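Just below is one structure, and these are the notes that go with it.
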Amino acid sequence: NKSRKRRNRESLLGAATVEPPKPIPLTWKTEKPVWVNQWPLPKQKLEALHLLANEQLEKGHIEPSFSPWNSPVFVIQKKSGKWRMLTDLRAVNAVIQPMGPLQPGLPSPAMIPKDWPLIIIDLKDCFFTIPLAEQDCEKFAFTIPAINNKEPATRFQWKVLPQGMLNSPTICQTFVGRALQPVREKFSDCYIIHCIDDILCAAETKDKLIDCYTFLQAEVANAGLAIASDKIQTSTPFHYLGMQIENRKIKPQKIEIRKDTLKTLNDFQKLLGDINWIRPTLGIPTYAMSNLFSILRGDSDLNSKRMLTPEATKEIKLVEEKIQSAQINRIDPLAPLQLLIFATAHSPTGIIIQNTDLVEWSFLPHSTVKTFTLYLDQIATLIGQTRLRIIKLCGNDPDKIVVPLTKEQVRQAFINSGAWKIGLANFVGIIDNHYPKTKIFQFLKLTTWILPKITRREPLENALTVFTDGSSNGKAAYTGPKERVIKTPYQSAQRAELVAVITVLQDFDQPINIISDSAYVVQATRDVETALIKYSMDDQLNQLFNLLQQTVRKRNFPFYITHIRAHTNLPGPLTKANEQADLLVSSALIKAQELHALTHVNAAGLKNKFDVTWKQAKDIVQHCTQCQVLHLPTQEAGVNPRGLCPNALWQMDVTHVPSFGRLSYVHVTVDTYSHFIWATCQTGESTSHVKKHLLSCFAVMGVPEKIKTDNGPGYCSKAFQKFLSQWKISHTTGIPYNSQGQAIVERTNRTLKTQLVKQKEGGDSKECTTPQMQLNLALYTLNFLNIYRNQTTTSAEQHLTGKKNSPHEGKLIWWKDNKNKTWEIGKVITWGRGFACVSPGENQLPVWIPTRHLKFYNEPIRDAKKSTSAETETSQSSTVDSQDEQNGDVRRTDEVAIHQEGRAANLGTTKEADAVSYKISREHKGDTNPREYAACSLDDCINGGKSPYACRSSCS
């Protein structure tokens, strides 16, 4: 029978007519020739290349060429000593349209039915038996150079699939697949695997296998393909696709991992790629390779250095041991497959089994996409992934899925977990939790953190409620039964809040409800108990998340955490308690520093806007390098008429800011009552520019009753006078060539320029690029933020409300009439810096008086020129002192004490008191300079006779 079958096979082969296969043309991105010069070759390699080229020429694989295309060619020597010719086709591949793979993945030999006989064959020189399309041959030309160019180079082009061409594997699979299609149709009950040029045939009986193989030989030969006779396998053990196949078992082929070559990222990437390829056979869980996977972190440069750690060395040893001992099983085609899910450490592990026979392992990637992945979601993802794998292997869903959950937990998972619904969508099999009794799974390291045990999804009854908060200043805090503020090194509000939650979990060893205004922290705390934490390049974040997970898992009592929106106006105790926690970490000082860095607002403005002390506000200004250098000197006291209400009297001038370029003419207007400033940058200072500026002022400040300017031509022209008359505005000018008449606006010019310099050289704002934008920022600071001495509101508030809120307004005072040299009683209308406006009486015009010619009126008054008593004067002094302190005046306490001691001597005249005060001051100071320490000579001095620095000179 055997001889008869052999003769039948031979006759069948002899009768077959070989038809040349039809070539598959390539698609090109360009028809422009690609030419890469051939590099010189050593004499030995050049001789070998000539021999190989002649051999391929005789076989008809190449032909002479005059193609404008060229690719370099070279040879390598095999271990056997034979030479192999290769072509560098990288440049040509770049202009070929890819066909795409026909087999995205290797077939699994575990699907070969157990106990079926096998035959494995290898096609000989498969690429060289498949022709190229005629129009494509010239694209694969190469050149064999001559030494010293002593003769013309020899050029050839490929007529068959060249090795290294982008689409050669796809074309090869297509040709072999066509040849095997008749075999698959005729022997549909046989199991045939084809991968590139390796073919495996399995049949239920040997006779059927021989018949199938005989027919396969004929079809392969008919397609112009040849079987390598020395690579036919007919007995166990079979070697196929890196596996050793036996009648029932499948083992990985024995390999040795070379550790001495592992030096770069590329080396470790290749190693782990190979290990991952055989992991479904080896059964190495993800947690057992975590140190090897960790080596891949860091620099993405393939040549970046990497080092094999002792922990990773142990894991490689485990891989080698598994290669020696691991095995899987061939399946029974009539029995269903099952999926087992084990709750292993790090991430779950899946196993495909048939009865108790292991078919394949399934794992999740070591790194996840999300920062936190719940363990239940990982189980669902693994189920969905392995279901697709089983369908790919055998075309069917698993018959049963075994999970480490109770029936109630499975029911809750279907209700609450979206990932669970996706992973088990359309599954009609059995979901069970009873594992088969076998020892092959006992080595797995299991975890108990599958579902939350400590974290609750609903508020706890009869539990403490704690509110947490964190700030970007590094402070974390909680409030509840007790309050605590924690200083952290973090500059992130979320990280500080994370520290606050961790501290609460550590401090309260009892059931608690935590309320946080960070949704990010709340979600992280809810998930962290059973989550796989994704590795981050930020070590601080890794440490915080790991500490949070450890803290939660160590707790003995449950907790609930929820989110509350911060800074809302909602009523109720929760909002108030959250605000209390926010107050513990919010820093008005930091906000004040940030505003000053942006606008360079003065100390009074900072104190008014933020809850900071005078010292803190002054420290901010004093520590600012720009404000320290550009601090304006104290202006000498004097009188310049001012308005008694907003828009009563303006002063206007033009100053120059060279840095503004062609817009360097800055027109400035200041309201003399509120000190509200408005300025515009113009290209000149003519009447048209002045009118343009005033219209801008009207839009912001309103229309004034009176404007005072200098005698510039733009202000004295008839056109300007006509413009003012249209708006019903009266106009006055100062003394020509005397700037003192315009002292207020001149001072404003200096203030505005100084503010511009501060913000330009020391400001944090980078968006103020145009001159007008720079002006607007300076004006905003001066009008809406700064508060000046003797005032309690900003210039903008004074201008809009008409209220200055000076503490001396409405008070009775004595004022000195310099014409008559007498002291009169009046009432303060407004009080400014070094000046005051006094009402002498009914039906009399107000009088502007320097503050050195004023004193407070106190009842009873015996003599307007003499002090009433030491007690009265002391009371007056304390009143003024209190006001000075409010205005930020820094007094020398020792001098104050000296002058008070002199006043309290109860002498008959002020001169005698001054003499005593002067004497004490000299003795105390050890200084003989009478001008510096002499007390004020005016009885009832407005400064209490004790502040020569404020008086500057004798009040009389």
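Quick reminder: no glycine exception, Cβ is built from N, Cα and C everywhere.
Annotated DNA-binding region per Swiss-Prot: 811-859, in sequence order. In the predicted model, the DNA-binding region (811-859) has a mean pLDDT of 77.
According to Swiss-Prot, the Mg(2+) 2 binding site annotation covers Asp469, Asp582, on the basis of sequence analysis. Its Cβ placed at the centre, Asp469 (Mg(2+) 2 binding site) has 28 other Cβ atoms within 10 Å. A strand conformation is recorded for Asp469 (Mg(2+) 2 binding site) in the three-state DSSP classification.
Per Swiss-Prot, compositional bias 'Low complexity' is recorded for 869-879.
Secondary structure counts, DSSP: the domain 'RNase H type-1' (460-590) has 56 helix, 29 strand, 46 coil. Residues annotated as domain 'RNase H type-1' in Swiss-Prot: 460-590.
The region 'Disordered' feature in Swiss-Prot is assigned to 865-890.
What Swiss-Prot lists as motif 'LPQG' is 161-164.
Secondary structure counts, DSSP: the motif 'YXDD' (195-198) has 0 helix, 2 strand, 2 coil. For 195-198, the entry in Swiss-Prot reads motif 'YXDD'.
According to Swiss-Prot, the zinc finger annotation covers 587-628.
Within the motif 'LPQG' (161-164), the DSSP-based counts of helix, strand and coil residues read 0 helix, 0 strand, 4 coil.
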